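Feature annotation from Swiss-Prot assigns domain 'L27 1' to 10-65. Annotated domain 'L27 2' per Swiss-Prot: 67-122, in sequence order. The domain 'PDZ' annotation in Swiss-Prot covers 139-220. What Swiss-Prot records for 228-298 is domain 'SH3'. Per Swiss-Prot, region 'Phospho-regulated basic and hydrophobic (PRBH) motif' is recorded for 289-383, and the stated evidence type is experimental evidence. According to Swiss-Prot, the domain 'Guanylate kinase-like' annotation covers 368-560, on the basis of sequence analysis. Residues or ranges marked as phosphoserine in Swiss-Prot (evidence: a large-scale study or a structure entry): Ser409.
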Amino acid sequence: MPALSTGSGSDTGLYELLAALPAQLQPHVDSQEDLTFLWDMFGEKSLHSLVKIHEKLHYYEKQSPVPILHGAAALADDLAEELQNKPLNSEIRELLKLLSKPNVKALLSVHDTVAQKNYDPVLPPMPEDIDDEEDSVKIIRLVKNREPLGATIKKDEQTGAIIVARIMRGGAADRSGLIHVGDELREVNGIPVEDKRPEEIIQILAQSQGAITFKIIPGSKEETPSKEGKMFIKALFDYNPNEDKAIPCKEAGLSFKKGDILQIMSQDDATWWQAKHEADANPRAGLIPSKHFQERRLALRRPEILVQPLKVSNRKSSGFRKSFRLSRKDKKTNKSMYECKKSDQYDTADVPTYEEVTPYRRQTNEKYRLVVLVGPVGVGLNELKRKLLISDTQHYGVTVPHTTRARRSQESDGVEYIFISKHLFETDVQNNKFIEYGEYKNNYYGTSIDSVRSVLAKNKVCLLDVQPHTVKHLRTLEFKPYVIFIKPPSIERLRETRKNAKIISSRDDQGAAKPFTEEDFQEMIKSAQIMESQYGHLFDKIIINDDLTVAFNELKTTFDKLETETHWVPVSWLHS
């Protein structure tokens with residue numbers, strides 16, 4: 001039989017061979033019927049398509065591309081769920097329809113299987129009909145690649161056995177579905193582990209690459225798949241598992257910063273939850289302290305740290321009569337609407353750990369969210385607010401404060417102040433109608449809740465600056481406040497940028513402006529540090545006022561995003 005011509009191109013050789021076969025085989029075919037059959041078979045479109053697929057896979061194998069992510073199917077489900085909460089247009093409807101098609105779901109599932117290399121054969125579990133006197137043994141082979149196994153182990157103090165203590169959601173062990181909490185580990189890659197410490201076994205696993213073979217004795221009870229709905233939390237503190245002596249496995253811990261959004265994957269353990277960062281496409285979870293555990297140990301570890309309302313020096317009583325005008329807060333004495341009934345220790349009862357949150361986007365017919373500005377005296381908060389008001393008087397508004405002071409000839413009721421009697425003011429205080437109030441020279445000044453409602457009712461963004469301990473009481477379904485902390489730059493930058501600026505002085509009755517002093521700078525920095533330390537978990541945004549123009553532009557950009565983009569808010573705001 002003569003040699004067959006296969007063509008010169010290596011990538012298209014098989015395709016050319018297929019096309020040449022009928023002619024090459026013709027001298028060896030006895031009947032015309034057989035020859036016709038060969039021509040029809042090798043000319044079949046489906047066969048040509050299979051050859052093309054083969055060539056594509058051969059090229060893919062040569063390139064060895066690395067998958068961008070391992071959980072495309074889960075990402076598509078999350079995207080579809082997210083789109084359901086968006087205003088539907090033709091493009092979104094088309095995308096939702098596409099993502100719901102079985103063939104697209106199957107394609108993404110196959111992609112994930114290939115990306116995770118989850119196609120190697122795994123030995124099935126041993127049959128259940130084994131002598132009750134003998135322990136049933138399972139031999140499991142997992143492909144770990146470079147990722148952690150996703151399980152923690154411990155030594156049983158009574159029996160000395162090595163037990164699977166925890167399965168991390170989304171990890172290799174979890175995806176296999178073959179290893180469960182309570183299983184006893186006997187061998188790893190043929191190495192007996194009965195007499196080894198957990199640390200030694202971890203080293204064996206860390207040094208193993210590719211396939212790992214386990215010999216295990218199943219526990220008495222296997223985990224049932226969790227059917228919990230998705231739960232998202234906002235972290236209210238920084239966490240580094242490497243600095244946590246209590247965590248059972250530092251390598252399994254998940255680091256996060258204050259303000260990060262985490263998705264809770266499992267709450268089966270009352271002490272250690274499993275979570276992942278919300279924006280992380282990697283499905284593998286990590287350990288974080290549970291809310292109850294973190295609250296308990298913080299309360300025991302730091303009972304001396306009590307969150308007290310910031311004390312304001314006498315120098316800051318400057319312009320107190322003006323403090324509520326444009327909602328300025330350089331007050332000598334002020335109280336929140338809750339402080340008349342609750343002691344200063346009310347703030348200490350709350351240990352900031354986590355807050356359950358949900359996505360929220362303002363609808364066009366909704367009132368604007370209340371914008372709360374917080375910052376130390378002299379940081380430039382009022383100047384930023386003034387620039388905002390000037391930039392768009394139809395869009396931004398401020399509250400008109402109440403006072404018991406006598407109206408002056410050039411003043412109009414309801415413009416500079418709302419003038420009321422002392423008796424009525426005190427009655428409103430008792431009825432908790434004031435967000436904040438204070439007294440200066442035997443006259444009351446205060447910002448009422450109704451004044452905030454009045455601005456919002458005009459379809460305006462209400463700009464309100466308050467003392468930081470008041471913020472928590474404004475966090476309600478009605479106002480949905482967005483809290484911005486205006487932070488000073490370093491003291492070196494303050495000396496450089498504020499050398500010609502002035503601050504309102506209290507050294508004369510008129511509250512005249514005076515140049516900043518070194519003491520002003522130091523007190524501004526110290527006050528900002530205390531605010532951020534005690535109330536930073538309530539801040540949605542931090543803007544450093546190094547340069548006024550830059551800070552103003554950042555503030556404007558923040559407002560634009562606040563009104564058009566999706567943000568995370570407490571669940572209670574939408575489901576109460």
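Just so you know, the numbers here start at 1 and follow the chain as drawn.
Each Cβ is built from the backbone N, Cα and C atoms, and glycine gets one as well.
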Secondary structure tally of the domain 'PDZ' (139-220) (DSSP, helix then strand then coil): 15 helix, 30 strand, 37 coil
Helix-strand-coil residue split for the domain 'L27 1' (10-65), DSSP-based: 46 helix, 0 strand, 10 coil
Around the Cβ of Ser409 (phosphoserine), the count of other Cβ atoms that are within 10 Å: 4
Counts by DSSP class (helix H/G/I, strand E/B, coil) across the domain 'L27 2' (67-122): 37 helix, 0 strand, 19 coil
DSSP-derived class (H/G/I helix, E/B strand, else coil) of the residue listed as 'phosphoserine': coil
Tally of residues which DSSP labels helix, strand or coil - the domain 'SH3' (228-298): 14 helix, 24 strand, 33 coil
